[in-house]
Amino acid sequence: MILTYILYNTILFSNIAFLFLAEKTKHYKYIFLFLSFLIIFFPAAIRYNIGADYFSYVNIFNEIKSSPEGYHKELGFLWINQLLIYLNLGPQSLFVFTSFIIYIFTYLSFPQKNKLLFSFIFITTFYLVSFNLVRTAIVYSISLAIFSNIYFKKNNLILNTLLFIFGFLIHKSILLILAIPIISFLIPSKLLKNRLFIIATYILVLILFYNRNEMISILMSFDFIKNIGYSRYINSVYLSQTKINSGIGIILSIIPFIWITIFSRHLITFNNKNKYIVISSLIYIFAIMCSSSFVLLSRIERTFIFIIPISIYAFYSCGNIRKIVRLSFTIYIIIWYLLLFETNINIFRSDVCAGSRVSPYVSIFNKEDDKSLKIIHSECLKNEIKKNAH
């Protein structure tokens with residue numbers, strides 16, 4: 001485990017160091033950018049049985065190889081597997097290919113300035129998760145690319161449409177991100193600047209959370225939710241309630257986004273595109289609270305996790321907010337997400353049944369060191385629920 005801590009922290013701080021050098025040097029900028037990319041790509045590409053769903057994807061690859069007509073999920077993921085099979089590559093090539101897609105789209109999303117903060121947030125909030133949820137991670141990177149294109153660059157509608165279609169072919173859950181532009185269209189900027197409206201939204205979220213059992217029943221009755229792939233979970237262990245301890249972790253996770261919404265007037269006045277940031281933050285607060293209620297809804301929270309780096313970067317860059325406030329916000333972000341990253345390395349253990357299984361790290365070069373549980377993730381959840389019931 002000590003070596004795993006060293007490895008994951010080396011990835012984090014080496015990536016930041018190379019990005020720092022890329023921003024400070026002109027002649028070797030792209031060399032340092034490339035090295036920073038390799039630092040995160042290589043460990044993900046050569047991982048072995050890292051991530052609770054690792055062998056699920058290996059099994060999917062082998063099933064498609066033997067009988068492609070038996071695969072009934074998204075076409076894009078089928079085509080990726082078929083391409084690798086056509087090239088006569090093995091199952092490990094799937095993790096190499098998908099890791100490249102995830103991190104190249106993430107890198108293309110980086111802003112021109114302050115890449116360090118953006119990358120730090122990405123690694124501490126999602127890098128370990130990307131080992132576990134491959135298709136969700138691809139959708140994360142595509143969603144990040146779409147909204148970075150809207151926020152940091154000129155909104156290229158054709159490019160965004162193509163990216164969205166590609167994401168849809170990988171995982172239908174990308175449809176959920178349409179909530180952001182739809183709500184942005186329906187709610188005028190003037191209303192979002194009003195703190196009474198923000199407070200009313202908080203109250204509504206709390207009411208929904210208090211009535212979460214009724215809320216989940218209503219949500220799962222919608223055809224839209226069923227059509228994006230959640231229908232198979234309706235009568236499964238994934239609709240069981242999650243166990244909430246003190247709730248401090250949930251509160252600490254929500255604080256940055258409450259902070260952002262409190263300064264909605266400053267943000268939107270500075271840049272009207274920040275209305276997307278305010279709405280995204282409100283959605284993510286709701287998503288976090290949902291994920292704390294039911295196992296299934298943690299998947300929805302992870303669909304919207306791409307909001308974190310863009311929202312925090314927008315707040316950090318807002319000239320209308322006093323520098324001391326932005327500095328305090330940034331210090332909180334660095335401490336909290338670094339603490340979360342270090343904690344997750346320990347929590348996401350391979351010998352813990354329902355965990356994400358990303359530590360201790362094992363590569364294809366030391367398979368003999370793999371001590372992961374052989375039971376699949378869904379069976380783990382069933383066992384955990386039975387244990388908690390007793």
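Backbone N, Cα and C atoms are what each Cβ position is placed from, and that goes for glycine too.
Annotated features in TrEMBL:
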- 6-23: transmembrane segment (TRANSMEM)
- 30-50: transmembrane segment (TRANSMEM)
- 83-105: transmembrane segment (TRANSMEM)
- 117-142: transmembrane segment (TRANSMEM)
- 162-187: transmembrane segment (TRANSMEM)
- 194-211: transmembrane segment (TRANSMEM)
- 244-264: transmembrane segment (TRANSMEM)
- 276-297: transmembrane segment (TRANSMEM)
- 303-319: transmembrane segment (TRANSMEM)
- 324-341: transmembrane segment (TRANSMEM)
Could you check if the transmembrane segment (324-341) is in contact with the transmembrane segment (117-142), meaning 3+ Cβ pairs under 8 Å among residue pairs at least 6 apart in sequence? yes
Pairs of Cβ atoms less than 8 Å apart decide it: which stretch in 83-105, 194-211, 303-319 has the most with the transmembrane segment (162-187)? 303-319
Outside the transmembrane segment (303-319), at least 6 residues beyond either end, the same-chain residues with a Cβ under 8 Å of its Cβ set are 111, 114, 117-118, 121-122, 125-126, 129, 136, 139-141, 143-144, 147-148, 151, 173-174, 176-177, 256-257, 259-260, 263, 266-267, 270-271, 274, 277, 280-281, 283-284, 287, 326, 329-330, 333
Taking a Cβ cut-off under 8 Å, which residues six or more beyond the ends of the transmembrane segment (83-105) line up next to it in the same chain? 37, 40-41, 44-48, 54, 57-58, 61-62, 64-65, 130, 134, 137-138, 140-142, 144-145, 364
